[in-house]
Amino acid sequence: MVSNGLSQYPAPVGGASLLLTFKGPRNTILIIGGDVLAASRAFAALEAGMQVIILARGSVCDELRWRADQQQVNLTDWDMLPSVSTSPLPSVPEESFSAFLAENPSISLICITIHTADTPALARICHAHNIPVNVTDHPALCDFSFASTHRFADPSTSGQSALQVGVTTNGEGCRLAGRVRREIVSMLPKDIAGAVRQVGKLRRLAKNTDDEVGECEEGENSSVTTPNRPVPGWRSSATESKDESSHRRMKWVAQVSEYWAITRLASMSEDDMKLILSGDSSQTTSPCSVQVPNENSLHNLTLLPPPKKGRILLVGSGPGHPSLLTIATHNALTKHADLVLSDKLVPAAVLALIPETVDVRIARKFPGNAEGAQSEMMDAAVEAARRGLTVVRLKQGDPVVYGRAGEEVLFFRAHGFEPLVVPGVSSALAAPIFAGIPVTQRGVAESVVVCTGVGRQGKEVKLPGYERSRTVLILMGVARIAQVVDAMIRNDSDSREGLQNSEGRREGHPYPRNTPIAIIERGSMPDQRVVASTLGDICEALDVAGEQRPPGMMVVGWAVLALQGAGDTSVLEEGEERDEERIRKWLGGCRWVMREGIDQGWAEV
């Protein structure tokens, strides 16, 4: 990341794993245990081509016994080591186990699958020998963990492919890791294994092919330009070294791997591969000569279809309920999108409308990473549009109401794409309606102000002062409601110049503590929750309500109670004298009220 000419590097955030893959006979794994889990670990190591030593006492499971008979694993009995215990895993003096490890210097990984009182001691010995160890169900003793893995079958060869997928939750949820892995596997194309097989063949051919590949017979097609014939901007075969030629072909392999459809990769024949590496596609397209002006161009292979101009749509998804999508937004998602780059707050009910063939990516926004995630999404949109894709940048509510659409418009325009901005129903107006709150109402609220409860990049929040006839809509910031409320109700002699504190600033008069406020969470969704009270009691009410449900917004002003029950539309006419009575009637003598869900009529709509 580069900003203002200064290099900025991301700070490492702990809790992740260094994901590596091990394979080959130079690696030996020692598995201590003879149960079914030990057999599973042994099988995984054997598929990686590793040597396997099983250290167990007494009987082992049938699979390990069979593999030992087949000489696939080396089965060693604990009785070969000094033992003073009759437990399944006997006590072994440190020097004896250390000697065993010293006699087997090829051991690079150790896995312990059974548990006894000696297990921690064995792990310490492994650590002393600088050999990474995994102890089942003892994460504190582990140097590495096993991912939840899947190896893809290759139907065309009736065997296993080279493609594997592994998922880890770093100890946070092993069962969930298995589910995530299954989800990933189910979403990948069925011929993904065939694509990996054919790309592997193409890579090997690119590395081993010499100048004779790509040569064609002289004749009517002798004008065809290949990588081994002089073309504009290229060296001729006489000046291009073998390494340079191989490097150029590998670039072509990378382009094909990146841009061709999976189905097309899986169906490549060897003749197709030779044509790709030669640059001669005339036999598969047209007899016209093939010119390749730039080896780094996406379309330097005429086996690719003509370039399609990409486009970017900035689309609002509304407050959340899928029936509130505009027709334009629905069409963009279901008919036009090749790639959807979605904000994380767009609900699953909206994302479920997108066809399964469309790639959907969710913004990785979290506290402290908002700017990085924003840049990542904008860069991804430009990159995909350059490949000719239609990109839908999907935003919650309306894209220009605190959706950062303006900076994206300028960014895309600067990179050669004029985006189409598709408005959406703003949650600022729709969510209050779902909560039974009109943002304006004759006799109660004559104006409305929309603001944010979150300052940009840590800056203080700026809030408007109190006006009895005004409704204030505060988007976001529910997590900081204590600071927001404090900035609104604090009285100070300098309030006319702007009340300031460490978290926010109010420009204007302070709000009375009995001013109504409603917190609307997940507005328009089936699990919508409304917590309504006064500014003086709302923080306690929200604490009682329990875990927050983002996204949330605040509605502050007398419009909050205007349509509740029998209604109250005389707020401006009667003045402040009846406010306490008005509040008691609204809340039914309580300090707050909570409501769950939305009107059942929406199920019919």
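Glycine is no exception: its Cβ is also placed from the backbone N, Cα and C atoms.
Computed from a predicted structure; not experimentally measured.
Taken from TrEMBL as is:
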- 162-186: domain 'Siroheme synthase central' (DOMAIN)
- 209-248: region 'Disordered' (REGION)
- 211-220: compositional bias 'Acidic residues' (COMPBIAS)
- 239-279: domain 'Siroheme biosynthesis protein Met8 C-terminal' (DOMAIN)
- 312-538: domain 'Tetrapyrrole methylase' (DOMAIN)
- 493-510: compositional bias 'Basic and acidic residues' (COMPBIAS)
- 493-513: region 'Disordered' (REGION)
DSSP residue counts for the domain 'Siroheme synthase central' (162-186), split into helix, strand and coil: 13 helix, 6 strand, 6 coil
The domain 'Siroheme biosynthesis protein Met8 C-terminal' (239-279), counted residue by residue under DSSP: helix, strand, coil: 32 helix, 0 strand, 9 coil
Mean predicted confidence [pLDDT] for the domain 'Siroheme biosynthesis protein Met8 C-terminal' (239-279): 82
